[in-house]
Amino acid sequence: MKMSIRTPPRLLELAGRSVLRDQALAMSTLEELPTELFPPLFMEAFSRRRCEALKLMVQAWPFRRLPLRPLIKMPCLETFQAVLNGLDALLTHGVRPRRWKLQVLDLQDVCENFWMVWSEAMARGCFLNAKRNKKPVQDCPRMRGRQPLTVFVELWLKNRTLDEHLTCLLLWVKQRKDLLHLCCKKLKILGMPFRNIRSILKMVNLDCIQEVEVNCKWVLPILTQFTPYLGHMRNLQKLVLSHMDVSRYVSPEQKKEIVTQFTTQFLKLHCLQKLYMNSVSFLEGHLDQLLSCLKTSLKVLTITNCVLLESDLKHLSQCPSISQLKTLDLSGIRLTNYSLVPLQILLEKVAATLEYLDLDDCGIIDSQVNAILPALSRCFELNTFSFCGNPISMATLENLLSHTIILKNLCLELYPAPRESYGADGTLCWSRFTQIRAELMKRVRDLRHPKRILFGTDYCPDCGNRSFYDLEADQYCC
């Protein structure tokens, strides 16, 4: 019985491989090939560098989508060019193959589910299940019906020059821009001369971009060159800015003008939901300019390792676009000498929705903590709270824990080792820390049954990390 089930796929597999061995492979042959043989044979042709077979198989591809990214991880530009040559024949010839369905060339770095499903199907003979397990194609609705082919790509601009596959693709797209639509949903800029970035951005439909990450040591004059492109990304949902610096050669007047040019672009971003800003020095004294230009309710706001004025915090607490936040991260912002009333007001506004709160390394001291406790204890949706790196005493920590007792959704809490845990030289006194943790464990167990509480030390001068310990005195990580 098992033989009768496995024999048909084995015969199909042998027949398919004989097709690949045929040097005079014709389109008529492929048009009679069973659909289920295309994915495994395409993979084999790609791995064996059968360029002519690839070219013809692309033209006869019986699916709407060709997810090529997992295959081009194999370092062979020749096979990639063969696929593009096959697409050329589809785009430029008036007469197309009878079974032609290809509409999407997908070069996004997504899961390899398509190829895995069909490979397993070839081995097991369960082609019907393979068809059922295929994920639906995500189209680009802004270009539906305008061009016969859409090319999905993710752009990671991390070197001075592009890799050879992306260079080949962009050159090919540039020469055929009227015949296809290049759709980029994710753009990462990690390091590349801006003149090269500019030439790439001119080729991309900017309103397709949904996520942008810029992690470069850009000074403000370079940011001004990027600013006009940002304003055209009208479907942008997530923006990450990191390591933006103010050149010492920029005057205060120039800085204000540049910041104004940049922040006014946010008036056009009606889909923005997640905003991440790390080590962005131009925010100091100018956060109100950015906040006043936000036109949507943010779900995520992280402003980390930045210098902010007390007035910036006040503007943040008054911003109408933060009332539905689920994630708030202000770690690394020094608040030691500030009133925390603005933070209290901010927490009151987001109490109904906030799920993640990070106030690590803010330098918050004992006298400041009481200001935020009433608002914090009303954040009933909170599931993660991190407060490490703030030099508070044992008494203040106990008070903090007593206010988070009613937050039933808390799954993870991270607190600093109290000041009493350290010696006069600033190093952790292990015996004292063990005793303090035992006292805290008893106090917490009397109040509630926490899911997970960790206590973090100061940063280690050797490894640069902090160690975490749970209530049972076991080391968590370093």
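Glycine is treated like the rest: Cβ placed from N, Cα and C.
These numbers come from a predicted model, not from an experiment.
According to Swiss-Prot:
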type   : residues : note
REPEAT : 99-126   : repeat 'LRR 1'
REPEAT : 181-205  : repeat 'LRR 2'
REPEAT : 206-232  : repeat 'LRR 3'
REPEAT : 233-268  : repeat 'LRR 4'
REPEAT : 269-294  : repeat 'LRR 5'
REPEAT : 295-326  : repeat 'LRR 6'
REPEAT : 327-347  : repeat 'LRR 7'
REPEAT : 351-378  : repeat 'LRR 8'
REPEAT : 379-403  : repeat 'LRR 9'
### Query
What stretch of 181-205, 206-232, 327-347, 351-378, 379-403 shows the most Cβ pairs under 8 Å to the repeat 'LRR 5' (269-294)?
206-232
#### Entry: Remote residues contacting the repeat 'LRR 6' (295-326) - C-beta distance under 8 A, at least 6 residues beyond either end
238, 266-267, 269-281, 283-288, 332-335, 338-339, 342-343, 345-346, 349-350, 353-356, 358, 381
### Distant-in-sequence neighbours of the repeat 'LRR 8' (351-378), which means Cβ under 8 A and at least six residues beyond its ends
302, 323-336, 339-341, 343-345, 384-393, 395-396, 399-400, 403-404, 406-407, 409, 414
### Summary
Ranked by Cβ pairs within a distance under 8 Å of the repeat 'LRR 9' (379-403), the first of 181-205, 233-268, 327-347 is 327-347
### Query
Quick one: DSSP breakdown of the repeat 'LRR 4' (233-268) into helix, strand and coil?
17 helix, 8 strand, 11 coil
